[in-house]
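Novice: So Swiss-Prot lists the following for this protein:
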type	residues	note
BINDING	Gly481, Gln482, Thr483, Gly484, Ser485, Gly486, Lys487, Thr488	ATP binding site
COILED	731-758	coiled coil
COMPBIAS	203-214	compositional bias 'Polar residues'
COMPBIAS	278-287	compositional bias 'Polar residues'
COMPBIAS	939-951	compositional bias 'Polar residues'
DOMAIN	399-724	domain 'Kinesin motor'
REGION	203-227	region 'Disordered'
REGION	276-295	region 'Disordered'
REGION	802-824	region 'Disordered'
REGION	921-983	region 'Disordered'
Amino acid sequence: MAATATEDGGLSFTVASVMEDVLQQHGNGLRDHDLVSRRAEEAASRRYEAANWLRRMVGVVGAKDLPAEPTEEGLRLGLRSGIILCKVLNKVQPGAVSKVVESPCDAILVADGAPLSAFQYFENVRNFLVAIQEMGFPTFEASDLEQGGNASRVVNCVLAIKSYDEWKQSGGIGVWKFGGNIKPPALGKSSFVRKNSEPFMNSLSRTSSINNEKAPSENDSNKLSSPSSLSTLVRAVLSDKKPEDVPKLIESLLSKVVEEFENRVTNQYELVRAAPRESTSSQNNRSFLKPLGEREREEKSFKAIKKDDHNSQILDEKMKTRQFKQLTIFNQQQEDIEGLRQTLYTTRAGMQFMQKKFQEEFSSLGMHVHGLAHAASGYHRVLEENRKLYNQVQDLKGSIRVYCRVRPFLPGQSSFSSTIGNMEDDTIGINTASRHGKSLKSFTFNKVFGPSATQEEVFSDMQPLIRSVLDGYNVCIFAYGQTGSGKTFTMSGPRDLTEKSQGVNYRALGDLFLLAEQRKDTFRYDIAVQMIEIYNEQVRDLLVTDGSNKRLEIRNSSQKGLSVPDASLVPVSSTFDVIDLMKTGHKNRAVGSTALNDRSSRSHSCLTVHVQGRDLTSGAVLRGCMHLVDLAGSERVDKSEVTGDRLKEAQHINRSLSALGDVIASLAHKNPHVPYRNSKLTQLLQDSLGGQAKTLMFVHISPEADAVGETISTLKFAERVATVELGAARVNNDTSDVKELKEQIATLKAALARKEAESQQNNILKTPGGSEKHKAKTGEVEIHNNNIMTKKSESCEVEEITVNSPPWPPVASPGQAYREDDRSFGSSEWVDKVMVNNRQDEMRRVESLWGGATTENGIGILPEDFYRRDLASDTSRIFSEHSYNIFMGNNNSTDDLDAATSDSSEPDLLWQFNQSTKIPTRSNIESKLKKPVSKPIRSPQSRNNSNNTVSRPLASQKVGNGPRGMKQFGPADMKRKATNARH
């Protein structure tokens with residue numbers, strides 16, 4: 001369809017082109033929303049793809065300015081420095097960009113539109129554009145990286161480089177060719193997109209640039225003249241309309257076509273009329289001669305030039321607007337910087353003020369904490385002094401220390417049924433069920449340990465008591481409680497022993513070794529151990545290795561200082577030796593399984609530690625002994641469900657514990673008679689409970705509700721034990737002076753015995769039968785010679801010599817040394833007793849003649865000159881073959897205990913205590929030496945004949961009342977001992 005010509009010539013457009021423009025605008029209006037969204041999605045997808053590839057190529061750190069999903073503005077800001085582009089191109093094509101200038105500052109912090117660094121702009125971007133142009137990649141303008149630039153061309157360039165990189169990595173097969181911007185399949189045949197979508201007023205100028213004018217014009221004319229495009233547009237407009245709407249739509253389209261046609265004609269007429277008059281005529285004349293197509297091209301060229309001018313004006317306005325915005329932003333940033341400076345100054349002043357206040361507060365808190373620390377140290381110091389003073393008071397009183405320990409619940413037991421109420425440092429409360437509900441009973445002891453107490457805490461509290469063994473004291477620690485309450489755990493530890501779970505036995509010996517090592521420059525200590533058990537009232541050695549169960553005897557006053565002298569005495573020098581011995585002892589100990597405990601101790605075990613220390617400076621000897629007793633638990637047969645041998649064991653255990661309770665009750669009431677010999681257990685603990693040792697009882701209880709009866713009974717017994725006062729413990733200390741005096745006493749006794757024996761024999765030879773007459777007339781000395789003495793006898797007083805004795809008896813045969821002692825004692829002669837009538841006038845005469853003193857009982861004390869004169873006597877023959885154990889000590893006090901607990905009748909004891917002695921005068925002694933012995937008397941061999949020796953005190957020694965000064969026995973006692981010896 002052709003248009004009519006004007007007066008100057010033909011029109012530059014046709015009706016078909018007008019119709020096509022109207023139809024395209026109509027179709028675009030209907031699909032404008034979907035098309036914009038699809039284009040935006042396509043552009044974003046390509047932009048994200050390019051950004052992700054760039055980030056992978058340069059790394060996350062290098063591409064920190066480029067987000068993974070950037071907007072057009074974010075992509076422009078990330079790439080405008082050119083650093084990322086140059087680095088990527090160098091990775092794809094090494095050496096493509098010879099020099100890359102790094103950014104001096106973070107690109108994100110540079111204000112939008114601010115001039116970039118000259119190095120970045122001219123070096124990086126220019127070098128990149130030159131390189132890609134040489135390589136044949138799609139290029140873009142440097143202004144595209146500025147605000148308002150075309151980001152799609154930048155994305156297209158990046159994707160081209162990506163495609164080239166993938167082609168190279170695949171092997172470079174074939175010829176590389178970039179496909180450009182391929183539209184997705186979703187935008188297929190149904191999409192009708194125009195190249196140029198300008199308004200109707202600018203529809204005549206559809207060229208893209210001045211440099212390429214003819215080709216687009218020809219393409220446009222071809223498109224306009226193509227009838228298929230017009231019919232396609234008509235079908236697209238009418239395809240989705242109803243039949244009844246078609247007439248209205250056609251009418252509307254025709255009206256728009258007419259209106260558009262008229263507008264274009266008017267515009268062309270105005271353009272022609274505005275041309276200069278002189279050229280108008282010639283142009284009009286030539287216009288009729290020129291072809292229609294040439295005139296159209298000239299008009300389009302003119303329109304393009306005008307459009308370019310218009311675009312340049314628009315760009316200038318945009319540049320001015322951009323500069324104004326940048327200036328506004330710059331001013332705003334200056335104001336913000338000033339505000340930030342003011343805020344920084346205020347914040348800095350506030351921080352300085354807060355720092356000053358903080359320092360003042362910190363100084364105040366430091367002074368306060370220092371005061372609290374000083375007060376706390378003072379409190380702990382006072383507490384430690386109070387504890388030491390309390391322990392000293394307890395030592396002076398001789399009270400038995402009582403510690404209480406609560407066993408934790410076993411695995412699988414519920415802790416909600418606990419009977420333990422309030423628990424403090426020295427007080428424990430037990431919840432008991434009463435008729436009116438629950439009640440709380442409180443008990444007070446020296447120390448209370450809860451279920452969470454560790455073995456280290458338990459041992460640290462009794463450590464000073466254990467260390468006193470090295471100072472010469474005897475110590476006894478025994479664990480008491482019902483079966484399954486944790487006694488063996490406290491004393492020995494669990495079955496699987498570790499360093500943290502070691503019991504008192506291991507820790508005590510380890511601490512003794514440590515302290516002995518610390519004192520090695522001043523003291524030399526020898527330590528040996530015994531381990532025995534009392535099983536069914538029989539004493540057995542737990543350290544035997546041959547499996548023999550030889551029955552042992554307990555001797556409270558043995559000459560060796562050992563309670564069980566026949567038991568193995570093993571020297572130890574380290575904790576490892578102790579662990580090996582304890583393993584042997586635990587292996588030999590009697591244990592069994594009951595309903596209350598799967599590993600119940602069926603015997604009382606006692607670990608005895610013997611310590612002898614010698615002062616390297618003075619030569620004084622200190623002897624200490626420590627009993628660590630693990631008592632078998634008391635049990636009720638109906639709960640333990642024992643039968644047979646277990647029942648017999650339980651009966652013996654309960655009987656021995658009952659005997660221990662009787663002894664404690666007697667000691668608490670200060671009864672004159674204490675039944676130590678009712679049980680082997682009390683006989684073993686006699687030295688400890690009799691006032692010669694520091695004693696500690698560890699009472700153990702279970703927290704279960706079904707054991708509340710046994711718990712109350714155990715705690716009541718412990719309360720009675722706490723009331724017992726045994727008196728101050730005694731130090732077993734033998735100084736060099738004491739040893740010398742003992743040797744003098746022994747020598748004088750031997751000399752006196754020999755001389756009196758010779759005198760008796762001479763008198764008997766001279767006057768047969770006259771000795772008894774002389775004895776009845778003057779009340780002289782009766783001499784009994786003991787030719788046979790056994791190792792178990794108690795006749796060896798503390799005055800006997802201890803030099804040249806081996807440190808320990810042989811372990812393999814502990815009785816061998818004692819048999820040798822028997823032979824040596826069998827050849828010696830001893831004076832048993834001296835009985836003198838108590839006459840006051842003769843004592844005064846003795847005192848006036850000898851210059852000595854008399855005691856309150858009339859016993860004469862000889863001056864030292866008498867003893868010095870007899871030192872010249874050769875008495876070494878009597879003692880040269882005898883050797884003693886290092887654990888022999890002064891047994892005077894133990895003799896008293898034997899007297900108090902022996903089987904002798906009460907009249908005999910009263911007779912012994914009421915007899916008085918008298919020292920004869922010098923004339924009487926000389927006359928007696930001339931008299932022969934009428935009849936030698938040999939005492940029978942027995943175990944307890946140590947009471948037959950004479951105890952003569954020195955002049956400097958005070959002799960008191962009772963058997964401590966001199967031990968005396970009458971005829972009745974001698975008769976009883978002779979009878980016992982026959983049986």
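Each residue, glycine too, has its Cβ placed from N, Cα and C.
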Novice: Show which residues of the chain containing Gly481 (ATP binding site), separated from it by at least 6 in sequence, have their CB under 8 Å from its CB.
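Specialist: Set apart from Gly481 (ATP binding site) by at least 6 residues yet with Cβ under 8 Å, we have Lys487, Leu631, Gly633, Ser634, Val699, His700, Ile701, Thr714.
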Novice: Give me the non-local Cβ neighbours of Ser485 (ATP binding site): same chain, 6+ apart in sequence, Cβ-Cβ under 8 Å, ordered along the sequence.
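Specialist: Set apart from Ser485 (ATP binding site) by at least 6 residues yet with Cβ under 8 Å, we have Arg407, Gly633, His700, Ile701, Ser702, Thr714.
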Novice: Based on DSSP, name the secondary structure state of Thr488 (ATP binding site): helix, strand or coil.
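Specialist: DSSP assigns Thr488 (ATP binding site) to helix.
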Novice: Determine the Cβ neighbour count for Gly486 (ATP binding site): the number of other Cβ atoms within 10 Å of its Cβ.
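Specialist: Other Cβ atoms within 10 Å of Gly486 (ATP binding site): 19.
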Novice: Which number gives the other C-beta atoms within 10 angstroms of the C-beta of Thr483 (ATP binding site), all protein chains shown included?
Specialist: 24
Novice: The domain 'Kinesin motor' (399-724): mean pLDDT?
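Specialist: On average, pLDDT over the domain 'Kinesin motor' (399-724) sits at 83.
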